[in-house]
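Listed features, source TrEMBL:
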type     : residues                                                                           : note
ACT_SITE : His111                                                                             : active site, proton acceptor
BINDING  : Gln93, Asn94, Ile95, Asp96, Gly177, Thr178, Ser179, Asn203, Leu204, Asp205, Ala221 : NAD(+) binding site
BINDING  : Cys119, Cys122, Cys138, Cys141                                                     : Zn(2+) binding site
DOMAIN   : 1-235                                                                              : domain 'Deacetylase sirtuin-type'
Amino acid sequence: MDYKNIVVLTGAGISAESGIPVFRSETGLWENHRIEDVCVPAALVRNPKLVHDFYNGMRRSLKDKKPNPAHFALAKLQKEWTAKGGTVTLVTQNIDDLHEKAGSTGIIHMHGELNSIWCTACNRRFPYFEDSTPESVCPYCGKKALRPDIVFFEETPYRLDEITRALNRCDLFLSIGTSGVVYPAAAFCQYAGARGAQCIEFNLDVSAGAAYFDYGLYGKASETLPRFVDELVEKGTLLRPQSWQG
Ligand code: NAD
């Protein structure tokens, strides 16, 4: 096979067809809330109940959300590519659980997870499926110091060392359903490309960072990605049909 190590970066767009709204960068609104009210550290000080309630609502709504063919295609890629001796590192900016539900493993949730909570007193992060409040007590240390395990704007994403190592050794970088405006994820393509990886984006439209990709496949990820994965798994390399835009 022409490629060995693949890094996949996913964003809100891959889950849009499963009924989870994307982040509206043009209005700055996320699920009808302003980012500064629910997704910055100061919001937790100003109005912690609003922050907990916001993520409680999203966590509850995950229960009936199902993965779509794009999530399943990535699980298939990971399973079959690994069986051929390659690696697939799946990095997601998403806080939902649809990659897990589709069967992917070892997922790096660089922006945290709705189904996890963080005790800022004892610094433990652990699975959490209930509603939380500012009064919720940590089962480990007994302190009222739980917060949603979400990386807010102004905070450092998780597991950047691991991500950097995977980008250093990858020869194929796929970016799926991300607008390319949230850093540092938006810079992963430039980083991998500068080290020789082929970079391909999947989006409805040409994204803000499209110029850094070798080419893009435009349309619904649930349609473009399964076709792409089938070809990659079957041939171990990529042919670029005339119809693909770049
Ligand atoms: P974004 O909302 O900024 O951009 C989504 C991108 O996906 C857009 O470029 C859009 O054109 C594209 N898209 C929409 N539907 C698509 C489809 N069917 N197929 C292919 N592409 C499609 O998302 P982002 O770049 O991930 O950044 C937003 C931030 O908000 C992230 O940090 C993320 O953590 C958070 N977020 C997460 C979720 C989630 O967990 N599902 C949802 C909303 C926002």
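Note: Cβ is positioned from N, Cα and C throughout, glycine not excepted.
Taking the features listed in TrEMBL, we show where each one sits on the structure.
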residue: Gln93; record: NAD(+) binding site; CB count, 10 Å: 23
residue: Ile95; record: NAD(+) binding site; CB count, 10 Å: 24
residue: His111; record: active site, proton acceptor; CB count, 10 Å: 22
residue: Cys119; record: Zn(2+) binding site; CB count, 10 Å: 22
residue: Cys122; record: Zn(2+) binding site; CB count, 10 Å: 12
residue: Cys138; record: Zn(2+) binding site; CB count, 10 Å: 18
residue: Cys141; record: Zn(2+) binding site; CB count, 10 Å: 12
residue: Gly177; record: NAD(+) binding site; CB count, 10 Å: 26
residue: Ser179; record: NAD(+) binding site; CB count, 10 Å: 20
residue: Leu204; record: NAD(+) binding site; CB count, 10 Å: 14
Calculate the per-residue pLDDT averaged over the domain 'Deacetylase sirtuin-type' (1-235) and state the result as an integer. 94
Close to ligand 1, in the sense of Cβ under 6 Å, among Cys122, Cys138, Cys141, Gly177, Ala221 as binding-site residues, are Gly177, Ala221
Out of the recorded positions His111, Cys119, Cys122, Cys141, give me the one sitting nearest to Ile95 (NAD(+) binding site) by CA distance. His111
Compute the C-alpha separation of Leu204 (NAD(+) binding site) from Cys122 (Zn(2+) binding site), stating it in Å without decimals. 42
For Gln93 (NAD(+) binding site) and Cys138 (Zn(2+) binding site), the CA-to-CA distance in whole Å is 26
Including all protein chains displayed, how many Cβ atoms other than that of Ala221 (NAD(+) binding site) lie within 10 Å of its Cβ? 27
I'm trying to understand the geometry here, so how far is the Cα atom of Ser179 (NAD(+) binding site) from the Cα atom of His111 (active site, proton acceptor), in Å to the nearest whole number? 15
The recorded positions listed are His111, Cys119, Cys122, Cys138, Cys141; by CA-CA distance, the one closest to Ala221 (NAD(+) binding site) is His111
Using the CB centroid of Cys119, Cys122, Cys138, Cys141 as the Zn(2+) site centre, which other residues of the same chain sit with their CB within 8 A? Thr120, Ala121, Asn123, Arg124, Pro139, Tyr140, Gly142, Lys143, Ala145, Leu146
The residue listed as 'active site, proton acceptor' and Cys138 (Zn(2+) binding site), distance between Cα atoms, whole Å: 21
When DSSP is mapped onto helix/strand/coil, what comes out for Leu204 (NAD(+) binding site)? coil
With the NAD(+) site defined by the record as Gln93, Asn94, Ile95, Asp96, Gly177, Thr178, Ser179, Asn203, Leu204, Asp205, Ala221, how many Å span the farthest pair of C-alpha atoms? 23
